[in-house]
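Engineer: In case it's useful when we look at the structure, here is the feature table from TrEMBL:
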{"type": "DOMAIN", "residues": "103-201", "note": "domain 'ABC3 transporter permease C-terminal'"}
{"type": "TRANSMEM", "residues": "30-58", "note": "transmembrane segment"}
{"type": "TRANSMEM", "residues": "78-109", "note": "transmembrane segment"}
{"type": "TRANSMEM", "residues": "138-158", "note": "transmembrane segment"}
{"type": "TRANSMEM", "residues": "178-199", "note": "transmembrane segment"}
{"type": "TRANSMEM", "residues": "220-240", "note": "transmembrane segment"}
{"type": "TRANSMEM", "residues": "246-271", "note": "transmembrane segment"}
{"type": "TRANSMEM", "residues": "307-327", "note": "transmembrane segment"}
{"type": "TRANSMEM", "residues": "347-368", "note": "transmembrane segment"}
{"type": "TRANSMEM", "residues": "389-417", "note": "transmembrane segment"}
{"type": "TRANSMEM", "residues": "437-464", "note": "transmembrane segment"}
Amino acid sequence: MMARRKGATNLVSITFQLAKYRLENLRGEGITVGLTIVSFAIVSAITYLVATGTYMFYQRSEHADQFFGDLQLGSAAASAYVLLSALALSLLLGPLVNLAGLASVLAATSRETRLAGMRLLGVSNWAVMRIAALETMLQAAAGAAIGLLAAFLALPALKNLSFQGIALSWQEMFMPPAYYGACALAIILFSGVAAVFGLRRVIVSPLGVSRKALPRRPRLWRVVLLLTGIGAAYVIPVWFTEGGISVGVGLVIAIILLLVAGFSAVMPLLLRLVARIFTAAKNPVVSVAMWRIVASPRNTWRRVSGVGILSFIAAIAVLLPASIPGIEIPKEERFVRAVLMDVRVGALLTILFGFILAAGATLLSSMSHEFEHLNHSYALARMGAKDSFALKVSAAEAIIPVAGVCLLGYLLGSINAGPLAIFFNSAGTPFRSASPVLSALVGLGVVVAGIAMVSLATAITIPIHRQIMARHKRRAD
């Protein structure tokens, strides 16, 4: 006699059974679950590595005499390193929250029929949201475990690095076990909270999943915010020309965050205005793609925001000073050169990690985008359009904006490097910009990498698109 499968008794057991079914259904929802777990694993691995670096710099600052001896700049620079690493750790909250929100919305849109069936059986909307949030937290927990293993596997490659002129030791590359547990718990909790807020943007009813409201058009106040940020970035360094290394580092961080906030605020408006111009294009693929961007510029910006902000940061990183003249003590001069090299290595790692995080967010947003536009794809199919036409529209909707955003982000970053030049010159450090050839190569590299990343994410979603269209085809009577 066959054993009867144990039924669900509460929301937790329901969540586990739904998650198990989705993983077993490899031809359908198992693909989306697997990619979501991989994205959480990437975020978790980077979080562990950055947290380990923060802990290492904190230990060095607490034992500055042991690491730097009588070097006067050592203890002051050590505290600045802690500040920079803590900033990098806090910046990971944004991608984590965005990733969890995308994962929850993707889960809701990809299993619309099942959620609608649960609502039809009498399950409340709040209970459905809790089930989806618990499932997202379960995926985040699996990703955190895999990410911890990936972080440990990456340590041998990072062992060759040196910071503050001191080579890394194996003892410095590990945190206490409780800290790893705290990082994993924070990732799981933040993913659950972000999932709840992400699901608040949709309504799960017995008829399906739908958006609560049409997206609002971006307002002109975003331009005012960017102009205010640029003006403040040029004025603030003049007011604070005196202070230690920590004050200077904090000032540079504040300037960069202010400019990034203004850049992020104005880009949806610029995307909508530029896309509106190209809606009259003779090419139907470009025209339909531009109309989609005009209808939802914020969603388009979410898909390419990571690459755009990275191009903005890359333009500023290229213009960092290479040396500080006027230091006559050889020991301090070597330390300063090591610090400036660390800044460049840190900027390179930030861009590298940022591209990896942006790739995960772009992949999830592209997958969610396919489910959100399934009615549009169905309508195109009924009109006689080939399946390749819908794929070309999705590709154009993703690739064209990322190219423009990268170019514009790098241009604005190069222009806004002026506040850093003012700060370094006022601090007695002659600001020497990079050669035009190097700047052009870096800008071209960021654009090419962004286009390649978005193209890869779009290519991965092709099987999902074909699976969606296969459901729409009517079977023979």
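Yeah, the Cβs are placed from backbone N, Cα and C, and that goes for glycine too.
What TrEMBL says about a protein is an automatic prediction, not a curated fact.
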Engineer: Do the transmembrane segment (178-199) and the transmembrane segment (389-417) come together with 3 or more C-beta pairs under 8 Å, pairs six or more apart in sequence?
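Structural biologist: These two segments do not touch.
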Engineer: Are there residues at least six beyond either end of the transmembrane segment (138-158) with Cβ under 8 Å to its Cβ atoms? List them, or say none.
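Structural biologist: Residues packing against the transmembrane segment (138-158) from afar: 15-16, 19, 33, 36-49, 52, 100, 103, 168, 173, 180, 183-184, 187-188, 191-192.
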Engineer: Of the residues in the domain 'ABC3 transporter permease C-terminal' (103-201), how many are helix, strand and coil by DSSP?
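Structural biologist: Secondary-structure breakdown of the domain 'ABC3 transporter permease C-terminal' (103-201): 77 helix, 4 strand, 18 coil.
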Engineer: Can you work out the mean pLDDT of the predicted model over the domain 'ABC3 transporter permease C-terminal' (103-201)?
Structural biologist: 79
